[in-house]
Amino acid sequence: MSRRDVVLTNVTVVQLRRDRCPCPCPCPCPCPCPVIRPPPPKLEDPPPTVEEQPPPPPPPPPPPPPPPPPPPPQIEPDKFEEAPPPPPPPPPPPPPPPPPLQKPARELTVGINGFGRIGRLVLRVCMEKGIRVVAVNDPFIDPEYMVYMFKYDSTHGRYKGNVEHKNGQLVVDNLEINTYQCKDPKEIPWSSIGNPYVVECTGVYLSIEAASAHISSGARRVVVTAPSPDAPMFVMGVNEKDYNPGSMTIVSNASCTTNCLAPLAKVIHENFGIVEGLMTTVHSYTATQKTVDGPSKKDWRGGRGAHQNIIPSSTGAAKAVGKVIPELKGKLTGMAFRVPTPNVSVVDLTCRLAKPASYSAITEAVKAAAKGPLAGILAYTEDQVVSTDFNGNPHSSIFDAKAGIALNDNFVKLVAWYDNEYGYSNRVVDLLRYMFSREK
């Protein structure tokens, strides 16, 4: 290479260096910075021929430094795979065996058909005893009138709780009770409200066939609050243990008078034996009687004014005792006097005894039963009482020791009081609870 070529080559190199100016100025043009030209190399041997090449492209920008690696997770020494696993904890002691599964008890729910004297008092007693009433049916009473009739009672006083109606329901102490106005029991939707036990209080559907309409519409059981011509009859404290839940869906709670007489007759017969007897009930007037004289084709005397007269009447209460105490079948009969009092009646049982006994021995036997097996059903008093003293008494029968008399040790007259409304309604509810207990 000639000296001229060497010079040209150096010029080219200098030009390339100027293109890559080391100064910090951002301009791409040749900058005014002074160029330091290196001295020409010493030529010992002629350099090889160098062909002129285009300037190389600028080097790519260096890649951004990689992000620092995340710090290794802080692992407990015993979590390293290399570390041996800790010994397993000892197994816990076996749990105690679970209690045997019990079928949950179905709650006793009650429906009432007929919101008359007994229907309303059955509702009161259910509220007092914590039994849930789910429905009341009465074709002649709407919910607003039900509130009035239940809240105010001329005989038993005003209901002490809260009573109102809301959305077509009767609400008693915040308990919502469905109300219906169905004339036919088959139309009452018992099945849609939990298949309750139904209390038949109308006095109309007394036979098994008639009361079966409630079963057809979903009632679980039916208790008729009157003597029935063919349904099994039960008096609490006397024969309720004969109830058979497998075959008896419709039963009768007998009459209020039978509920008074039967417990007393049971005690006397078991202790002394009853050869025969006559019963008279002096009975308060009821809703079937007339306030003033009126027509009564089947019972002419019964059509006379209830407030003005003592009215002789028939009753099947004494004969019904033979149904609940079979040993007394055919040994008792009786009659009634309807008198001008609104509530509380009294039974006079005059009987001949098989086993001679003094009157004091008889009273002691009744007193022992009232404190023992018949507690809550039969009561005993020696006080000088009158009828109004028993208004609101929940017992079926209250024996009046001072009112009875004996002709001799085999012939006696025994007296027992009863609230023919409230006492009877308590036994209706007791029978419902007993029947329900037999289903468990």
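Yeah, the Cβs are placed from backbone N, Cα and C, and that goes for glycine too.
Remember, it's a predicted structure, so these values are computed and weren't measured experimentally.
Confidence across the region 'Testis-specific N-terminal extension' (1-105), taken as the mean pLDDT and rounded to a whole number, stands at 50. According to Swiss-Prot, the region 'Testis-specific N-terminal extension' annotation covers 1-105.
Per Swiss-Prot, region 'Disordered' is recorded for 40-106.
If you look up Swiss-Prot, you'll see 40-75 (among others) marked as compositional bias 'Pro residues'.
Swiss-Prot lists 83-102 (among others) with the feature compositional bias 'Pro residues'.
Annotation note: ASP138 (NAD(+) binding site) sits in a coil segment as assigned by DSSP. Its Cβ placed at the centre, ASP138 (NAD(+) binding site) has 23 other Cβ atoms within 10 Å. Per Swiss-Prot, NAD(+) binding site is recorded for ARG117, ILE118, ASP138, LYS183, TYR205, THR225, ASN420.
The feature D-glyceraldehyde 3-phosphate binding site is assigned by Swiss-Prot to SER255, CYS256, THR257, THR286, THR315, GLY316, ARG338, with similarity to another entry given as support. Applying an 8 A CB threshold to same-chain residues 6+ apart, the list for ARG338 (D-glyceraldehyde 3-phosphate binding site) reads HIS283, SER284, TYR285, THR286, GLN289, GLY302, ALA306, ASN309, ILE310, ILE311, PRO312, SER313.
Look at Swiss-Prot and you will find HIS283 tagged as site 'Activates thiol group during catalysis'. All protein chains included, HIS283 (site 'Activates thiol group during catalysis') registers 23 other Cβ atoms within 10 Å of its own Cβ.
Taken from Swiss-Prot, the feature phosphoserine covers SER358. SER358 (phosphoserine) falls within neither a helix nor a strand when secondary structure is assigned with DSSP, and so counts as coil.
A distance of 16 Å separates the Cα atom of THR257 (D-glyceraldehyde 3-phosphate binding site) from that of ARG117 (NAD(+) binding site). Reported as a whole number, the C-alpha separation between TYR205 (NAD(+) binding site) and SER255 (D-glyceraldehyde 3-phosphate binding site) equals 15 Å. The two recorded residues THR315 (D-glyceraldehyde 3-phosphate binding site) and ASN420 (NAD(+) binding site) have their Cα atoms spaced 14 Å from each other. Long-range Cβ neighbours of ARG117 (NAD(+) binding site) (same chain, at least 6 residues apart, Cβ-Cβ under 8 Å): THR286, ALA287, GLU421. For the recorded site, THR257 (D-glyceraldehyde 3-phosphate binding site), the DSSP three-state label reads helix. Sitting within 8 Å of the Cβ centre of SER255, CYS256, THR257, THR286, THR315, GLY316, ARG338, and not among those site residues for D-glyceraldehyde 3-phosphate, are the Cβ atoms of THR281, HIS283, ALA317, ALA336, SER345, ASN420.
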